[in-house]
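Colleague: Just dropping this structure here.
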Amino acid sequence: MERSPSRKRSYRHHEQTPDYEMGTIVNIDDMQNFKIPSFRQDTPVATIIRRRNASSRRKSTIRRRERENINDYVEVEENHMLPSIQIQRRERHKTLRERRSSKRAEKSVLENDDVDKAKSFRERYAEIKERHDVTRRLASLLRDTASAKLTDWTRPKKWEKLTKWIREFFQHFSIWSSHMRVIEGKFGTAIMSYFRFLRWLMFLNAYIMIIQFFCITVPYLALNPRTFSETVLLNASNFIQEAKQCTQNYTNYHDDIVRNETDFQKFLDFLLGTGWMERTVLFYGEYFNKTYYMPDGMKTYDMGLAYLLSAGVSFVISFILIVKNSSKAIKGTFGMEKSVTMYCNKVFCSWDYCIRNKKAAKVKKKSLITDFRESLEEQRKTWEKAEDSKIKLFGIRVGMNLLILGILAGALYLVYYTTDRLVELQKQELHVIVAFIVQYIPTITITILNFVIPILFQKMVVLEKYSSRAEINFTLARSIILRLASLVVLVGTLYRLLILGSADYKTCGNNKWTDSNSTSTIKGSIKCWETYVGQQIYKLVLLDLIVEVVIVVIVQFPRRLVFNKYQKKYGLVKKLGPNQFDLTQNVIDIIYTQTIGWFGMFFSPLIPFMTFLKCIIFFYVRKWTLLSNCAQPEKTNATSRSNSLFMMVLLLSFVFVTVPIGYMVGYIPPSQSCGPFRVYSNSSNVMFDTISFTIKSWPDTARDIFFFFGTVGFLVPVMILLVLLMYYFWLLGQGYKKREQLLTVQLKLEGQDKKFLLAQVNAILMQADAVNTG
């Protein structure tokens, strides 16, 4: 095909043109000679590109200025809004209608440059008042929804008022209420919480005492027969006949010892739990099954079953009450430890308005100042801590912990050694006083260690440079470990000696029995190992009470007299200072007392009664020494945190007690010479078999239903249900945690709103003053 002349002319024109322009047609024959012009040269193509770039920059500048104008408009608009509403508008996603309205607002901004029109005084005041009403309604709505649900406020108001009135009514009849108010008014709520905890333990022991007394002691004293031999029939089995013979030998041995005792020795028996007290209702060995007559025939009161059920019910009640009060105490500390306004809370919420004494108020001010200084000093130390000091501090703490472990090991070995030697020493012919001291060697050792070593722990924890709260927690943990470990070693040593010991004198279920037939046995031989353990617990309870009273009378009271008389004359007396109520140590003492009471409850049914009396005596003795001998402590403790600490340590002690008691009931054969389980005391039976034998005597239907509770068909669904419940409550806890975070943010925003409104009101007032003066 031929090319048109015009096309050829364009080619010729292109060949004659040295500069290429846009829209020209390039000759194909000349493509080899074509070169792309350099952008650095001033060519038409480079000029066009520069113009396009400049145009793009101008457009982007215009768009940026438009956005800045829009942002200025939004900022001006938001400056008249509450901070909470501003944050909500920035964070939430906009709907389609809101995006359209914002687009219209942008157009109006571009058309009208006057975006910040002046408002009159009346308009601004009306707008601020409307926004304040909205904020108040929003806060009221939040309080009526989230906060109400958190505090279980969904119940009917009338029922809530009724229960509140009932609680207030019974508080008027509450025991020791006036004493509590006196302590609270002079020393604050933290120390008062200890006495309230002591009162709670008194009621707990009262419940246990009632169960033990009416299920075990009263039936034993009220029903016949009076001796175990009368309950054994002629056609009884061989091991019951053997238990009868062992019981007779034990009775003869005891009667021979008591018959030759003097009055002074009988008094020492009261302190030791031996002699005439050994065969009383105070100890396990005295109890056996009782027989009573009904219109339909003779019935037998199964003392072994009553023994196990009363102990089990007592432990269950204790566990329920501890968990219930622990949950209340933990709720009091919920959300307080991680408060975002720690110093603000200390400034506005630290004062104890229960204080009514002027001197106590001055001491409280001093303690608050000390608390502020300690908090600021701890914060400063945290900021200024360097790497080399961390390494040094870590080395000090490791060394101190190793030293503390060594002290604990030495103390526990001393308990083991004294308990081990006691069994051998009590067989020797010793003077009455020496024999009495020998009997108390393990108890005295444990008491001295519990008194001295915690003081060392308090001095050593200062060198580890922990915070004040951490010092209290570490001291408490180490002291509790010492006391519980001492009891573990005592029980373990007795178990080794009485149960796992040499079988040289293995008779009637006791390793330390000398002869099964002779009534003239070696002095110090153990005929009933359960009673022997109960005697050790009895001595611990009695000595603990005596030491408490002696320390108050001999140590604290004279120290107060010396300080009041010589504090101005001697610097050493002033440096030692007056007595202070050590809250941590007193809590450890009372929890240790309760732990002994739980443990001794099985071996001595009247131990809960003794613990009940100890709580009453402790309350009055420590109240007297607090009000008469002690000064206000310099370091204060949060009341809610104190209550939760008491309950958590008590729960730990409770778990410690249940393990050895459960092992003994399920695995250790009882003695054949004493106790309500002597009729089951062959080599293959244990105490728990009492329940098994009772269940086997039930009708077939009841027995099958009970045994079904122990099958896989029942346990697997129950475990699945428990897992689902745990997951549900975990989700519920996560929801509460999220709600707590939202409420915390809302509190912050409410504070910012108040600050904003005050600033706006201040500006309006200043404007009004300016108008009035003008």
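Heads up, residue numbers simply count up from 1 along the chain you see.
Backbone N, Cα and C atoms are what each Cβ position is placed from, and that goes for glycine too.
TrEMBL entries are annotated by machine, without manual review.
TrEMBL lists these features:
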- 90-102: compositional bias 'Basic residues' (COMPBIAS)
- 528-636: domain 'TMC' (DOMAIN)
- 89-111: region 'Disordered' (REGION)
- 200-223: transmembrane segment (TRANSMEM)
- 304-323: transmembrane segment (TRANSMEM)
- 398-418: transmembrane segment (TRANSMEM)
- 430-457: transmembrane segment (TRANSMEM)
- 596-621: transmembrane segment (TRANSMEM)
- 642-663: transmembrane segment (TRANSMEM)
- 705-730: transmembrane segment (TRANSMEM)
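Give me the structural setting of these features: burial, nearby parts and distances.
Modeller: Long-range contacts of the transmembrane segment (200-223) within the same chain, counting only residues at least 6 positions beyond its ends with a Cβ under 8 Å from a Cβ of the stretch, are 281, 286-287, 290-292, 301, 303, 306-307, 309-310, 313-314, 317-318, 321, 325, 590, 594, 597, 601, 605-606, 608-609, 611-612, 615-616, 619.
Remote same-chain residues near the transmembrane segment (642-663) are listed as 190, 193-194, 197, 311, 315, 318-319, 322-323, 325-326, 328-330, 332-333, 476, 480, 484, 487-488, 491, 583, 587-588, 591-592, 594-595, 598-599, 602 (criterion: CB distance under 8 Å, separation of at least six residues from the stretch ends).
Remote same-chain residues near the transmembrane segment (705-730) are listed as 695, 698 (criterion: CB distance under 8 Å, separation of at least six residues from the stretch ends).
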Colleague: Of the residues in the domain 'TMC' (528-636), how many are helix, strand and coil by DSSP?
Modeller: 85 helix, 4 strand, 20 coil
Colleague: Rank 304-323, 398-418, 430-457 by Cβ pairs under 8 Å to the transmembrane segment (596-621) and hand me the top one.
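Modeller: So the stretch in question is 304-323.
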Colleague: Suppose you look only at the domain 'TMC' (528-636); what would the mean pLDDT be?
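Modeller: It averages 85.
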Colleague: Any residues 6+ beyond the ends of the transmembrane segment (398-418) with a Cβ under 8 Å from its own?
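Modeller: Cβ under 8 Å, 6 or more out: 441-442, 445-446, 449, 453, 456-457, 460-461, 463-464, 478, 481-482, 485-486, 489-490, 492-493.
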